[in-house]
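> The structure's right below; bear with me while I get my questions together.
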Amino acid sequence: MEPEIPRGQANLSSRDLPDPQKVREVQEDYLEKKRPLIIIGPMAAGKSYIGTHFARFYGFSFVDADHLIVEKYGPISEIFEERGEEFFRKVEAEVISEVLTSPHFRNCVFSLGGGAPMSDAVARLLRGEQVVYIQVDAETVRPRIEHNKNRPLLQPHPVQKWSEIFEQRAHRYEELASYILDARGGRPITEMAAELYEFLQKERSEEDINE
Ligand SMILES: Nc1ncnc2c1ncn2[C@@H]1O[C@H](COP(=O)(O)OP(=O)(O)O)[C@@H](O)[C@H]1O
Ligand SMILES: O=C(O)C1=C[C@@H](OP(=O)(O)O)[C@@H](O)[C@H](O)C1
Ligand SMILES: [Mg+2]
């Protein structure tokens, strides 16, 4: 079983990634330009859900790190089962690095898996980027995870495991966040998307002023 990546909405794929050599050649140029909006937060916070809808509402491309991993390596639960978490973290860091160093993806919305920012290599890539932390609590995610077997790290007691893992990760999410989006209680997507867009407009107009 797969995590709930809204696949139909992910309109960029790993097949779209350009040749790494070409990436290096244009890297200096594009680093000056607009960057992806990166979405982080705990499992089932709604990173993929909010990212997909936000991108669709406001005309951005959407990329999901888990989706890219599944495309390249197959179902996440099978990767964990057959090759272990360490391998998963390695490929996760690779796909994130590919997206963040590709000019092709520079103005997209990019949702990460909940554990990605815990890798120091990934955290380094995220520092200085526009990072939105989707903040939720156990009560918000409870109905989304309690009968769901798609996230290997939450088994066999999803709510208890979620809370333990969240406690270990909350500090890193806060540290990396340029904006914290309160998604507690499963707020309506239109309201959250509008709030996020306002943040982005402000950030980007400040960037333009400073250019
Ligand atoms: N604000 C929300 N309102 C309604 N459903 C939501 C909301 N946020 C998330 N969901 C649902 O919760 C589940 C988990 O969301 P998902 O985006 O996959 O989380 P994440 O990517 O953070 O793990 C999905 O079924 C999604 O549709
Ligand atoms: O938090 C984690 O360690 C994980 C989160 C998952 O993504 P979501 O946060 O989108 O569920 C997925 O990457 C994998 O199951 C591991
Ligand atoms: Mg997700």
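Cβ atoms here come from the backbone N, Cα and C positions, even for glycine.
Caution: TrEMBL annotation is automatic and unverified by curators.
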> Please state which member of Asp66, Asp182 TrEMBL lists alongside Arg89, Gly114, Arg169 for binding substrate.
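So, going by the record in TrEMBL, that would be Asp66.
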> Same ATP site as Ala44, Ala45, Gly46, Lys47, Ser48, Tyr49, Arg151 according to TrEMBL: which of Arg83, Arg124, Arg187?
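Of the residues offered, the record points to Arg187.
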> Determine the C-alpha span of the substrate site listed in the record, that is the greatest distance between any two of Asp66, Arg89, Gly114, Arg169, in Å to the nearest whole number.
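Value for the max Cα separation, rounded to a whole number: 18 Å.
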> Find the shortest Cα-Cα separation between Arg187 (ATP binding site) and the binding-site residues Asp66, Arg89, Gly114, Arg169, and name the residue that gives it.
Gly114
> For Ala45 (ATP binding site), just count the other CB atoms lying within 10 A of its CB, please.
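I get 26 for this one.
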> Should any of the binding-site residues Asp66, Arg89, Arg169 have a Cα within 10 Å of the Cα of Ser48 (ATP binding site), which are they?
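The binding-site residues close to Ser48 (ATP binding site) (Cα within 10 Å), listed in sequence order, are Asp66.
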> Looking only at Lys47, Arg151, Arg169, Arg187, which of these binding-site residues has the biggest number of Cβ atoms within 10 Å around its Cβ?
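In terms of Cβ crowding, the pick is Lys47.
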> Roughly how many angstrom lie between the C-alpha atoms of Lys47 (ATP binding site) and Asp66 (substrate binding site)?
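With distance taken Cα to Cα, Asp66 (substrate binding site) is 11 Å from Lys47 (ATP binding site).
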